[in-house]
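> Before we start, here is the structure in question, set down as structure tokens.
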Amino acid sequence: MNRVLPILTVVAAIVVLWYGAAVAMNRAWVLDQAARAGTEPPAFGQMVVATMTQERPVLPAPHQVVAELWKGVAGQAITSKRSLVYHGWITLSATLLGFAIGTAAGIALAVGIVHNRAMDMSVLPWAIASQTIPILAIAPMFIVVMNSMGVQGLVPKAIISAYLSFFPVVVGMVKGLRAPDAMQLDLLRTYNAGGAAVLGKLRLPASMPYLFASLKVGAAAALVGAIVGELPTGAVAGLGARLLSGSYYGQTIQIWAALFAAAIVAAGLVAVIGLVERVTLRRMGMAR
Amino acid sequence: MKDTINLGQPVIAAQGLNLVFQTNDGPVHALKDVDLTIGKGEFVSFIGPSGCGKTTFLRCIAALEHPTGGSLTVNGMTPDEARRKRAYGYVFQAAGLYPWRTIAGNIKLPLEIMGFPRAEQEARVERVLDLVDLKGFGKKFPWQLSGGMQQRASIARALAFDADILLMDEPFGALDEIVRDRLNEELLKLWARTGKTIGFVTHSIPEAVYLSTKIVVMSPRPGRITDVIDSPLPRERPLDIRDTPEFIAIAHRVREGLRAGHSYD
Ligand SMILES: Nc1ncnc2c1ncn2[C@@H]1O[C@H](COP(=O)(O)OP(=O)(O)O)[C@@H](O)[C@H]1O
Ligand SMILES: [Mg+2]
């Protein structure tokens, strides 16, 4: 209860502020409608109702978004083009594939950086540079180029996901693999241990807490990558496509529902990683 | 060096050993003209103020540092060859147990790396746990043990693979006096039972005198040996031997040696 109460308080405050903002921002449209019809602007009570029942509000009220979410999740067959589960799964599958590729690449690069001086000098600056390129700028080009080579659907999106998610993994794993101190390394030298033993018995286990921290960041980044990868596909499918088609047609409620669906997916991913982390670290005797 | 191995043959022999570290503040003469012979089964303590090269000398024996001059042999081989032959176990000041391995898992670490068969690993773990009086603690994780017990586990880890030389760098330096006394007593018993050659770095005069058959007094800048004392004490040593005149006489000589080293600078 001690932990839930502060969270609920914050949520309640946000909801209140949100309702206030919805009234303030959607008011102009109501006034505009009244002026066009040549009628008096509605009184306060009616005004509030009018700001929260619009089809394309500037800012949808929370209950409108929740209703749209509910409709998208439970109101359709999950194979329907209007189901958020359908779109969510399309995005999630690209996210998971990209996250897996990104994590594998990130770990491999980190191992290379720690073991090879040339890689140590050269890889990280490039990795950092790669992240300064605005993903929104290159994602459409990449999708189009891949498309022209006949590759479309899951794979190009997953590659963009991987591109965003490998970075936190590299940075975290380099730090984690270097976490063992000189004494621990010297101990292995007295056993005449080779590089593989040092990696497998010392560096990798020692890096586990760092790995999980970066996986959480990487998973969220992978989701962003998948959504961005869906934007240029001509709004076919996926949460990104829902965002895009929503903005084409001014369907703000749809946009917000898709945003919340994405947030829920991200929270779910991070929660799953957190669970695996707890189990793993406890098994390793490292949980506090 | 062609002699057959027999008792009393030098296990560690240093002649004119020098080691100069090149640092940003210029060269540091960590070891200067060190001559020392350690026979099989001896218990040798290195004592001296910080920076006199005790650690450096131990690390040279273990091939963790490489001397810049002179000669050093371990079992008649170079330190590097001796390491490949698993000639020594090294105990650091901190136990340095892996937190993600149980005590038994930690002791198995060198055995896994050296490729001992599984069944033998288990047998050895049991044996050395018994040797350091930690029977029954194999399944515990390091954080569940006190500092003294952790250090005993790290000694067990160094004993697990039958190295005949045990190198210990202030192994009990971080422990309180009472725990330390007990561990010293146990270390002597362990030494008597295993017949290992032990190199032991310490800051404490009573500890050095109580444990050693040979006490090497060192002084800093440059790091060098100022006195080597062969102890007349018997191998069997109860704790109250520390109140005997012989003990006090040796302690006195060590103190004099340390003081003489200081008057240099
Ligand atoms: N890796 C190193 N690089 C440079 N100087 C070192 C290094 N290791 C030790 N020294 C220097 O060598 C001297 C002896 O150090 P050390 O053997 O650790 O002394 P002790 O163990 O007796 O306290 C000190 O002056 C120390 O600063
Ligand atoms: Mg030292």
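Cβ coordinates come from backbone N, Cα and C, glycine included.
Copied straight from TrEMBL:
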type	residues	note
DOMAIN	A:84-277	domain 'ABC transmembrane type-1'
TRANSMEM	A:89-111	transmembrane segment
TRANSMEM	A:123-146	transmembrane segment
TRANSMEM	A:158-177	transmembrane segment
TRANSMEM	A:210-233	transmembrane segment
TRANSMEM	A:253-276	transmembrane segment
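Are these features on the surface or tucked inside, and what are their neighbours?
Residues 109, 112-113, 152, 155-157, 159-160, 163-164, 166-167, 170-171, 174, 224-225, 228-229, 231-233 of the same chain lie 6 or more positions beyond the ends of the transmembrane segment (A:123-146) yet place their CB under 8 Å from a CB of it.
Beyond the ends of the transmembrane segment (A:210-233), by six or more residues, the same chain brings 90-92, 94-96, 98-99, 102-103, 106-107, 135-136, 139-140, 143-144, 152, 156-169, 171-173, 175-176, 179, 239-241, 243-244, 262, 265-266, 269-270, 273-274, 276-277, 280-281 to within a C-beta distance below 8 angstroms of the stretch.
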> Report, as numbers and ranges, every residue of the chain located at least six residues beyond the transmembrane segment (A:253-276) whose Cβ falls under 8 Å of a Cβ in that stretch; write 'none' if there are none.
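Residues packing against the transmembrane segment (A:253-276) from afar: 55-57, 60, 64-65, 68-69, 72-73, 84, 87-88, 91-92, 95, 99, 212, 215-216, 219-220, 223, 227, 239, 242-243, 245-247.
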